[in-house]
Amino acid sequence: SATCSSPAQVPQPLLPSAPATAAARQLDELLADLSHMQSKLAASGPGARVAAKPSLDSLLGSLTQDLQELGITAAPTSVCAACHKPIAGKVLTALGKTWHPEHFICTCCGLELGSRPFFERGGLPYCEDDYHQAFSPRCAYCAGPIRENVLTALDQTWHPEHFFCAHCGKVFGDDGFLEQSGKPYCHQDFLAMFAQKCQGCERPVTDNYLSALQGVWHSECFVCAECLSGFANGSFFELEGRPYCELHFYQRQGSICHGCGRPVTGRCVTAAGRKYHPEHFICSYCLGKLQKGTFRERGDKMYCEACHDKLFL
């Protein structure tokens, strides 16, 4: 019997975080506006960009001074971990780094993670689907990735709902399971399919048993096939693959003394199709010993010639 381990938890996804203070959010919005304005001026040509730069720097300096007068220290501009350029607008913080929101993407499929849950592997972010496809353990039954609880048994991993008896499909209870050829079975099906069968009743043999006549037996099933009595002294006789007590073995063999009804195991006298112990082959009237060829039969009894003539002639 075997038991499976308790389901383990698959790593849970992370969420990117953003600066929490209201002042920082206001600064992000202002910087984003400045960045947008700078982009528009850049599109107008080199001359416009040069002319506009002092006014933008002046504006940013004035903003920083105003914030300082309010008791707010403006942090240096963050650098994006993906493109390594300053972040002038919204900042996304994840994996201990800062990112342009549009640059924080899944390493496999390029999906923008933004506020989506994600997983980290080797310092890189992955969306849930790609992470599970690439790194999660696979179910031995359906081959799909295991996203939540992992059950480990038979040196493999399983969805808990997919670990069941390979024959009847029943989920295993507290009594666990039994294994055959790498597959799990409930106790009932395992015994019915693979356990040795008793030669007497043909039911599975699970614990105490006897080995005899090239098979196994429940101790209570190993009895004389004729009278169903046990073998007190441990000895038995075999006939056609079945066990017999001495009496019924010889009875089956036709080796029972017609005189005493006991088995004939040694010297034997055969007369009129019947067998006798030599000492029991006697005249039914005078009880004298008969000699073969010098007796008379009447009914199922034997007589010496003298007694036969006296009684019947």
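Even glycines carry a Cβ here, placed using N, Cα and C.
Feature list (source: TrEMBL):
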{"type": "DOMAIN", "residues": "78-137", "note": "domain 'LIM zinc-binding'"}
{"type": "DOMAIN", "residues": "138-195", "note": "domain 'LIM zinc-binding'"}
{"type": "DOMAIN", "residues": "196-255", "note": "domain 'LIM zinc-binding'"}
{"type": "DOMAIN", "residues": "256-313", "note": "domain 'LIM zinc-binding'"}
The domain 'LIM zinc-binding' (256-313), counted residue by residue under DSSP: helix, strand, coil: 11 helix, 19 strand, 28 coil
Confidence summary (mean pLDDT) of the domain 'LIM zinc-binding' (78-137): 89
For the domain 'LIM zinc-binding' (196-255), residues assigned helix / strand / coil by DSSP: 11 helix, 15 strand, 34 coil
Secondary structure content of the domain 'LIM zinc-binding' (138-195), with strand meaning DSSP E or B: 11 helix, 19 strand, 28 coil
